[in-house]
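Novice: Before I ask anything, let me first share the structure, which is written out below as structure tokens.
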Amino acid sequence: MARLLRTLRSSQPVARFQRCCGLFPAAEEGGSGCDRAEGARERGVCNGTGALRRPVAAGSGPPGGVRSGPQGCIQKYVVKNYFYYYLFKFSAALGEEIFYITFLPFTYWNIDHSVSRRMIIIWSIVMYIGQVSKDILKWPRPLSPPVVKLEMRTDAEYGMPSTHAMAATAISFSFLIATMNQYKYPFELGLVAAFVFSTLVCLSRLYTGMHTVLDVIGGALISAVLLVLLYPAWDIIDHLLLTSPFCPLLCIVVPLVLCYNYPKLDYYSPTRGDTTTILGAGAGATVGFWLNNQYAAPTYTSRNFQLGFPLITSKIVVAMLARFFVGIFVVLLTRQLMKSVVLGMLGYRYKFPIGDLEARRRLEVEVPYKFITYSSVGFSATVVVPLLHKLLGLM
């Protein structure tokens, strides 16, 4: 068993999976430490490069080979199978902010409030546990070489568990569980869709070279365990979030305390900022849920879906798309506006120029900047957008 775990944690299975899918390191001139033999042997088009690796001061970077490639190396790669390349690049995006900020609001605006609430709560809990676990375990990401790294932003983070795998498993299966008793569709179809969705996201983390096999398996298993543990309490949690007079206060204070007390590292990692973004969005949305319940805000009927998907007409599709595009415009406008306002206020308070990236990474700046911005986004999506939909006659 120990030998199997060591194998799953190593970089070689990831590299072999990439080669099987047609992704190879390109030959590097001047001996930069990339896999020259492999790259020279395979013929293909070098279609991309990694980010330029900056020298890291001693003690300021992640240990154990988390940073990939030699310092100053621009990692080039060869793609021989573009089907897998675009499939897994798209699948990787399903675990990014662009997916969360579109799919979760779409569910709230067009399908069902209760389904959306459950997914957002599960997503917030799962992602917080996953992000904190990374910085407690401090397991390195796959080494490069032999692995080709297609992403550089998250390379500064630790690897175990894969939060992409956790989020994909949590969102897909919580959606299945929340809808299977409310809507008439074949359970087998929903199960297959959830499995395919989560599997594609998990495999994309291997293809992009960002996680070991053990990272991905661990992330999926942690999410599955959390879903099993939380499922019996779903209705209780949902009822308390909608009716408790303490809900707004706790939904703001608790996430803020967790963000300010996030595990400290000896170098900067985007995990704290990402965690604050997630908890902020969840807090703002939860306050919106409570407010809607207290003041009977506009609700979206799900009767169109209760008898199955064949009843979806072109008129319903147009209305759904109209709600989505109006809503996403307001959400993105809120995000951009709040980013500018909050950052400007923090810059004035702490005396730093807005373009100072190092200042924006400080705890007293990053946490309020991210939390206020994305809690405003969550609140806007659940309160402002429905009111606008009602005003425009899109309900």
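Glycine residues also receive a Cβ, built from the backbone N, Cα and C atoms like all the rest.
Unlike curated entries, TrEMBL annotations are predicted automatically.
This is the feature table in TrEMBL:
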type	residues	note
TRANSMEM	83-108	transmembrane segment
DOMAIN	116-231	domain 'Phosphatidic acid phosphatase type 2/haloperoxidase'
TRANSMEM	120-137	transmembrane segment
TRANSMEM	158-177	transmembrane segment
TRANSMEM	189-207	transmembrane segment
TRANSMEM	214-234	transmembrane segment
TRANSMEM	240-263	transmembrane segment
TRANSMEM	275-292	transmembrane segment
TRANSMEM	312-333	transmembrane segment
TRANSMEM	371-389	transmembrane segment
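I'm curious about the neighbourhood of these features; can you describe it?
Specialist: Beyond the ends of the transmembrane segment (83-108), by six or more residues, the same chain brings 21-23, 115-116, 119-120, 123, 150-151, 163-165, 167-168, 171, 175, 197, 200-201, 203-205, 207-208, 277, 281, 300, 324, 327-328, 331-332, 335, 377, 381-382, 385 to within a C-beta distance below 8 angstroms of the stretch.
Counting residues of the domain 'Phosphatidic acid phosphatase type 2/haloperoxidase' (116-231) by DSSP class, helix then strand then coil, yields 83 helix, 0 strand, 33 coil.
Remote same-chain partners of the transmembrane segment (214-234), defined as residues 6 or more beyond its termini with a Cβ less than 8 Å from a stretch Cβ, comprise 5, 8-9, 118, 122, 125-126, 129-130, 133, 139, 141, 159-170, 173-174, 177-178, 198, 202-203, 205-206.
Long-range contacts of the transmembrane segment (312-333) within its own chain (CB-CB distance under 8 A, at least 6 residues past either end) are made by residues 101-102, 105-106, 109-110, 304-305, 377, 380-381, 384-385, 388-389, 392, 394.
Long-range Cβ contacts of the transmembrane segment (371-389) within its own chain (Cβ-Cβ under 8 Å, at least 6 residues beyond either end) map to 101, 104-105, 108-109, 252, 255-256, 259, 276-289, 291-292, 297-300, 323, 326-327, 330-331, 334-335, 338-339, 342, 395.
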Novice: Between the transmembrane segment (275-292) and the transmembrane segment (240-263), are there three or more CB pairs that fall under 8 A, provided the residues in each pair are separated by 6 or more in sequence?
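Specialist: In contact, yes.
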Novice: Short question: which residues 6 or more past the ends of the transmembrane segment (120-137) have a Cβ under 8 Å from it?
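Specialist: Residues 100, 104, 157-163, 166-167, 170-171, 174, 219, 222-223, 226-227, 230, 237-238, 241, 258, 262-263, 265, 269, 271, 274-275, 278-279, 281-282, 285-286 contact the transmembrane segment (120-137) from elsewhere in the chain.
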